[in-house]
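Undergrad: This is the structure, below, for whatever I ask next.
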Protein chains: 4
Amino acid sequence: MLAELRGLNEECGVFGIWGHEDAAQISYYGLHALQHRGQEGAGIVTKEGKKFHVIKGEGLVNEVFSGNEINDLKGNSAIGQVRYSTENGRGIENVQPLVFRSTTGSLSVAHNGNIVNAVELREHLERQGSIFQTNSDTEVLAHLIKKSSGSLTQRDRVKKALSMLKGAFAFVILTDDGLMVAQDPNGLRPLSLGKLGDAWVVASETCAFDLIGAEWVRSVEPGELIIINDKGLQSDRFAKAADSAMCSMEYVYFARPDSDIDGINIHSARKRCGKRLAREVHIEADVVTGVPDSSISAAIGFSEESGIPYELGLIKSRYVGRTFIQPTQEMRERGVKMKLSPVRQVVNGKRVVMVDDSIVRGTTSKRIVNLLKEAGATEVHVVIASPPLVSPCFYGVDISTDSELIATNRTVDEIRELIGADSLTFLSAEGMVEAIGRPDKTKNCGQCLACFTGEYPTEIYSDTVLPHKKEIV
Amino acid sequence: MLAELRGLNEECGVFGIWGHEDAAQISYYGLHALQHRGQEGAGIVTKEGKKFHVIKGEGLVNEVFSGNEINDLKGNSAIGQVRYSTENGRGIENVQPLVFRSTTGSLSVAHNGNIVNAVELREHLERQGSIFQTNSDTEVLAHLIKKSSGSLTQRDRVKKALSMLKGAFAFVILTDDGLMVAQDPNGLRPLSLGKLGDAWVVASETCAFDLIGAEWVRSVEPGELIIINDKGLQSDRFAKAADSAMCSMEYVYFARPDSDIDGINIHSARKRCGKRLAREVHIEADVVTGVPDSSISAAIGFSEESGIPYELGLIKSRYVGRTFIQPTQEMRERGVKMKLSPVRQVVNGKRVVMVDDSIVRGTTSKRIVNLLKEAGATEVHVVIASPPLVSPCFYGVDISTDSELIATNRTVDEIRELIGADSLTFLSAEGMVEAIGRPDKTKNCGQCLACFTGEYPTEIYSDTVLPHKKEIV
Amino acid sequence: MLAELRGLNEECGVFGIWGHEDAAQISYYGLHALQHRGQEGAGIVTKEGKKFHVIKGEGLVNEVFSGNEINDLKGNSAIGQVRYSTENGRGIENVQPLVFRSTTGSLSVAHNGNIVNAVELREHLERQGSIFQTNSDTEVLAHLIKKSSGSLTQRDRVKKALSMLKGAFAFVILTDDGLMVAQDPNGLRPLSLGKLGDAWVVASETCAFDLIGAEWVRSVEPGELIIINDKGLQSDRFAKAADSAMCSMEYVYFARPDSDIDGINIHSARKRCGKRLAREVHIEADVVTGVPDSSISAAIGFSEESGIPYELGLIKSRYVGRTFIQPTQEMRERGVKMKLSPVRQVVNGKRVVMVDDSIVRGTTSKRIVNLLKEAGATEVHVVIASPPLVSPCFYGVDISTDSELIATNRTVDEIRELIGADSLTFLSAEGMVEAIGRPDKTKNCGQCLACFTGEYPTEIYSDTVLPHKKEIV
Amino acid sequence: MLAELRGLNEECGVFGIWGHEDAAQISYYGLHALQHRGQEGAGIVTKEGKKFHVIKGEGLVNEVFSGNEINDLKGNSAIGQVRYSTENGRGIENVQPLVFRSTTGSLSVAHNGNIVNAVELREHLERQGSIFQTNSDTEVLAHLIKKSSGSLTQRDRVKKALSMLKGAFAFVILTDDGLMVAQDPNGLRPLSLGKLGDAWVVASETCAFDLIGAEWVRSVEPGELIIINDKGLQSDRFAKAADSAMCSMEYVYFARPDSDIDGINIHSARKRCGKRLAREVHIEADVVTGVPDSSISAAIGFSEESGIPYELGLIKSRYVGRTFIQPTQEMRERGVKMKLSPVRQVVNGKRVVMVDDSIVRGTTSKRIVNLLKEAGATEVHVVIASPPLVSPCFYGVDISTDSELIATNRTVDEIRELIGADSLTFLSAEGMVEAIGRPDKTKNCGQCLACFTGEYPTEIYSDTVLPHKKEIV
């Protein structure tokens, strides 16, 4: 499904590198590979001796670093982030990494995910005199570290601070003597460790390693704190690993097809979901088409298993950008097809299986079904390569309320009716878990299914149920 | 194959509309749909009464019209162009449409294609006192029209001027009392006529009609001059139709998959080419992958016919843009994969069929084969959904010299060796013609095969053999 | 008076250089010094062997050349222009220099001034088959040169073409073997010749020579054609010199205070006008203040002669730029003072002599008188260092119609009433001519007084009386 | 003297408004009027109910607010700042106002000046767990407020925090229920209170009131804390007023000529300094000229008192902007005169009195003397309308070290020799104090003369003697 058309977005991607003379340039390319995880802001912080350099801005990576700015980022270690911002977190001050300046040594932090007890921790910190300049959860961690007793070592202070956080998070922390990397106790968001020559790198997705030519070493483990400095890499823990619960939507929608999560390739996992779906439902149809880009893999799988030919029934424009030009009334009535066009001759007079990865509000599905029917499809059978979304996500996916989800209080047939499809099929939860095929032996093979089942792997704080309650004026 | 990686480009797309109050807005969307035909400049000219308004600039359509400029383009008729510029034609003065101001009535012209006797005509005109401000062939037509005897009607002067041109061209001409549309006698470039409510529209490709909601009426015929004014549409001829010779590369590479040319859908034609290829060669392999975006259709066809599973073995970045950041030495050695990434788990340990639409210089093919092998492919079999390119094009495709073409003086096996493939297969010319399947009964079913065979459908002037000889200081 | 506030503008400044390896850079600085003569467009054309390079754009010189573009302008000769555009001449295609490309040798032309028989010449040329792409008079000259019989030498063709032009003009023409410079037979616009080392330079004002370090040699003479090439400089004539008639407004308003015209310094001439004014009128007042920037010199002279102290009663903002922020209603009522602020303590309770260089429509004068009275001035005596403007200018000053001129059908006292002044005095025409003090012994000491007297030094063509009749759709 | 040429800069200007529906627009215009106090960054924060909106960026006010951003700043109270940044304080995170978000109510702060015990306070705060995100002194105040005991009222906490600061400062603080305004106990920086209809406004200079149409009420008093909320205005004190010590350089150089400080107009004060100077020295000369813009008033005064005619001997370009175009070697040798040109005919063969406001490093003075001599001046007598600068400023003027000051260890004659002048005269300190003429009866009439005498009105902390010691990595 098209991110641009529906607003199912994840919050951010992170990158870090220690010990490479081209730290900033490599971070630039690393963030470029993670661009699909956040397009609203980007930043890189480098460390040159004790001095921290920072450049960040709103927009794409190559907009923020459009000139020679990167050359000002001297130093051989760096962290960076690409950012998707929720309504509450707009503004240049929220672009990460944040830098905390101190006469005794500075600190830079970037993170990915969502901390469910952030409001409680903020209130606690404010009562002790902390003041906040951003709405971001990242700032909470910095205050917690700073507030820890001065008699602890820095590593212990970071561990203590991390142990107070609940939710989904991947942190990269650059201090004046090291790079620290942490993953939440459930491992809800992907985070991988790699090597580039003698340098260590970390990234939200392995596709960043491929672009920079780094080798994947392993995933950062749930509850693990990795400390990298000039003496090497040390693994520590700030929490016992809880049951692993990797976000299913990473496999279904977020991650790039060429990334692997815990050794499982995304394209392959999606294709298996498409195949499984073809085994769970039988449809008489002439062509299979996927909604580009994220549903192509599942559509190929569905076609291969069902034997129904796979076609490009929908084309995504390569040149989409912001436009302020108003379409005419006539165009508006027909639905402007700037981003997605049906291929008339492919679907005209045909029974079409339209494969999509998920349905959120249903409005986009309805528009695509309509596009296909206008182009002459005699039947449109919608098959979804994941189960119905029925519960909000508190771990960084921007689905905030039940009421936004078309599937919350509707039967499959009611949804089918609303989107105008001739049939509608969702992949079963078991089918999805088996098709993805994580080797983990824990519940759901270590996948978080909360948005499909309402069973959350972590405690959910009442105040944070609705993210808009977190708004800080 | 990736246009960005090799420089096989076509020159331009044109659009025109007569009789719609939102002429400029519709032209904007029309050009947006034609953006793939030229990304280096865009312009729209509208006519408001006798007054011509013009806005043009370098860059993409949504860069040239990034604000409210479109609202300055008043009037209910318009022509526009998106431009790919050759080395010789850079500069804002060459961005079309050109406007020729006159006290007796102005004229605006845009065109697509290449006029092979342009230099001869320029010299002829200059000897008679014409002066030129651009390097573009378009200006030649305007001078020819103006130079024709004043006793002729405007229509006759335009016909006489058009009849002097040799080569490939699609012209849209906006005068103070009408919109004229002309196609060269061989019909080398696509040009379609449509209706949007009561308004007439023309466009290089039908995908523009789909976006604006217009209905396709027919192709403009070879040698035809269409005159549209407030009295309606009239069809005239400036030349007898020669043998129709539509550019094969439009089907193979240039046109958008959702466009139709002379009723034949591009995606479907490419898929048939892929199927035919699978019948022409037998390969033992594990996966089929296409080089995005233009080779996907052929790859699907190859997979369907051969029974070898189709996979996303290569991913194209969605966020490619200009970057001035230098990759590090390490990255340069491994080949920067900003635009194209192999999906390691898909190809690792596999025998891969890599489908591409064509090979020009071979350098890109070599890089992609190498990417796949680095990612673990045990064999890479390159199959090309068109015949070897052996002759330069004089009709608007930017392949200017024999020496640039890897296939000119090499056997297929020598090319295979150069690109490092385990096998290399080209589609036969007959196979391509049959797979595309134009209903035309003339030679090659009305396709131009000049770049594959060296047989040109028009006279080729000695002076113009090498476009760089056309350079005007 | 403030150009920004009233629209009394002149059309353009030109620059040329022959024989210097840094031709483009020097032209950049030359145009920068001429920036006050036109802020709406700038361009430079260089010649490298037979090849012409051109960069031009809309905006200030340092906006058009904001990056490294200048380095693309190779070659050791160049011409350039800064442009003020009338309503009819907007658009990038009208930015000069124009380049006319030809297989037999190209030509670039820039000009300054206004040709009064341009429409007649255009019509004549169009009847012979010429087509125009701009609204600029410059293009007319190029066509006239081209149309001249091929048996003439290029110099003779240029002379013949120039001899057909009527009006005010300064041309710089770059051909593939020389730089030609021409001044109209009345010498209506300033144009100076200088030397920079071995290179020859020409510029509209001598301040350009000061900036680049060139030495002034002499003014270009009325009717003169200078030809500069590698053999040296030759002076020729295309017309007998008519009575010299340098534009008075150059002394009064346009030229920079540090420029000299025909050996007379602008600041000094203005100061003498102020002094003369103080001898022509006696005013009892406490302070003298000038309207920045162009009236400062006259105000100093008035103060010195009258003995009334000179004060900064009005301050011009250094940071004026385009703003889209709407002032509030309250601010609008009081008159936004973004560009000009009264100095309250200087004028409060004082009888103020406000010196301005001229009054065009009177609206700005009225606003400034009002600003001073609001700030507490008890009396405001307006003294104008030039006579009343009563006739339109056809020679390049943008005062196009009688009806725009407040003085056309009004007595001085009626104007005084309209602008709200306590008294109003204009400098007499004789006073101005004497104060400027040109050594020329011809009528009015060789000054054009047409806008003050209605006596035009050249024939005025009926069709061109109103410039808007020249509009070409 | 030209700020651009020498780097004598002050740190910032502030603006605030309470109770006006167009708070953001008025702040925009207020900051525009204060633009001369800082050109490197600008920001506005508005309060809409409890919600704070913030927009800030690097560059001029009309660059930061170049589009419709201002419309996003809803609310009827606002604070803003224009910023001059020292080397240590670059970066978007240092652009003010800063916003501190809190679940119990947010706070925004902007300030002007320099806090001399900032490093001590930061260290103190960090030991208590505060973390800093900027290098700015402003953040220190926010932490001090937050750290104060929760049992105090907000007003008392602000007073306690302010009382801990040493140095020069003007603060505007926007809380969720009021606007607070504070001035340091010596009143080192100007800060005025005004009314705009029913709304209260504060600004660093009164020229901001003139532009927005507000009336001046009074100066904020040394040690005063003004609290403005919907109940009206209350005056309180956080410190006893020390001896008033307004920065002399505000009168000499920084403030706009149309501003008044404590009722004394800047232009008038400067003119009196020029007159006084003419009484302190007798020079035989032909012309007086001032270095634009800040020395014009003193030059007029000098001319009026001495009887030597005042002339425009030096012209400042109206179109200065950043240029990346390298001047040629020839131009470099002669000194590029992009910003300042001598008027040759005015100075050629003349004995020139060149009036400047101050000399910092002397390099600019030397260049200007040289420009005048190259233009033909037979003698150049430099007269400076203030005493020699011998000591660094710790209160916000960017003269950081003794070694930068040409006058620190040199006699007047040695300086004269260095700058190449025929004579050099400084205004005496008593002369300056009397000419400015503040009514204050305390020492030096309430002026700070520290940079001229080395006597600082506040304690100077050893650690802060050299600002570069404050650098925080």
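Placement of Cβ uses the backbone N, Cα and C atoms for every residue, glycine included.
Unlike curated entries, TrEMBL annotations are predicted automatically.
According to TrEMBL:
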type	residues	note
DOMAIN	A:12-231	domain 'Glutamine amidotransferase type-2'
ACT_SITE	A:Cys12	active site, nucleophile
BINDING	A:Cys247, A:Cys393, A:Cys448, A:Cys451	[4Fe-4S] cluster binding site
BINDING	A:Ser294, A:Asp356, A:Asp357	Mg(2+) binding site
Undergrad: Which secondary structure state does DSSP assign to A:Cys451 ([4Fe-4S] cluster binding site), in the simple three-class scheme?
TA: helix
Undergrad: If I take the Cα of A:Asp356 (Mg(2+) binding site) as reference, which of the recorded positions A:Cys12, A:Cys393, A:Cys448, A:Cys451 has the closest Cα?
TA: A:Cys451
Undergrad: Relative to the Cβ position of A:Cys12 (active site, nucleophile), how many further Cβ atoms are located within 10 Å?
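TA: A 10 Å sphere around the Cβ of A:Cys12 (active site, nucleophile) contains 28 other Cβ atoms.
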Undergrad: Give the number of CB atoms, excluding that of A:Cys393 ([4Fe-4S] cluster binding site) itself, located within 10 Å of its CB.
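TA: A:Cys393 ([4Fe-4S] cluster binding site): 22 neighbouring Cβ atoms within 10 Å.
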Undergrad: Under a three-state reading of DSSP, tell me whether A:Cys12 (active site, nucleophile) is helix, strand or coil.
TA: coil
Undergrad: Using A:Cys12 (active site, nucleophile) as the reference point, find which of the binding-site residues A:Cys247, A:Asp357, A:Cys448 has the shortest Cα-to-Cα distance to it.
TA: A:Cys247
Undergrad: If you count the other Cβ atoms within 10 Å of each Cβ, which of the binding-site residues A:Asp356, A:Asp357 comes out on top?
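TA: Going through A:Asp356, A:Asp357 one by one, the largest Cβ count within 10 Å is at A:Asp357.
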Undergrad: Take the Cβ of A:Ser294 (Mg(2+) binding site) and count every other Cβ within 10 Å, whichever protein chain it belongs to.
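TA: 25, counting other Cβ atoms within 10 Å of A:Ser294 (Mg(2+) binding site).
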Undergrad: Distance between A:Asp357 (Mg(2+) binding site) and A:Cys247 ([4Fe-4S] cluster binding site) at the Cα atoms, whole Å?
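TA: Here the two Cα atoms lie 15 Å apart.
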Undergrad: Identify all same-chain residues not among A:Cys247, A:Cys393, A:Cys448, A:Cys451 whose C-beta atom falls within 8 angstroms of the centroid of the [4Fe-4S] cluster site's C-beta atoms; report them in sequence order.
TA: A:Leu188, A:Ser248, A:Met249, A:Tyr395, A:Val397, A:Leu449, A:Ala450
Undergrad: Using a 10 Å cut-off, grab the number of neighbouring Cβ atoms around the Cβ of A:Cys448 ([4Fe-4S] cluster binding site), all chains included.
TA: 28
Undergrad: Do me a favour and check the Cα-Cα span between A:Cys247 ([4Fe-4S] cluster binding site) and A:Ser294 (Mg(2+) binding site); whole Å is fine.
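TA: Here the two Cα atoms are 16 Å apart.
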Undergrad: Hey, does DSSP put A:Ser294 (Mg(2+) binding site) in a helix, a strand, or just coil?
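TA: Where A:Ser294 (Mg(2+) binding site) sits, the three-state DSSP reduction gives coil.
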Undergrad: Just to verify a number: CA distance, A:Cys451 ([4Fe-4S] cluster binding site) to A:Ser294 (Mg(2+) binding site), in angstrom, no decimals.
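TA: Here the two Cα atoms lie 19 Å apart.
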Undergrad: Looking only at DSSP and grouping its letters into three states, which state does A:Asp356 (Mg(2+) binding site) belong to?
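TA: DSSP call for A:Asp356 (Mg(2+) binding site): strand.
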Undergrad: Taking only the Cα atoms, work out how far A:Ser294 (Mg(2+) binding site) lies from A:Cys393 ([4Fe-4S] cluster binding site), in Å, as a whole number.
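TA: Cα to Cα, A:Ser294 (Mg(2+) binding site) and A:Cys393 ([4Fe-4S] cluster binding site) are separated by 20 Å.
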Undergrad: Applying a 10 Å Cβ distance cut-off over all chains shown, what neighbour count does A:Cys451 ([4Fe-4S] cluster binding site) have?
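TA: There are 27 of them.
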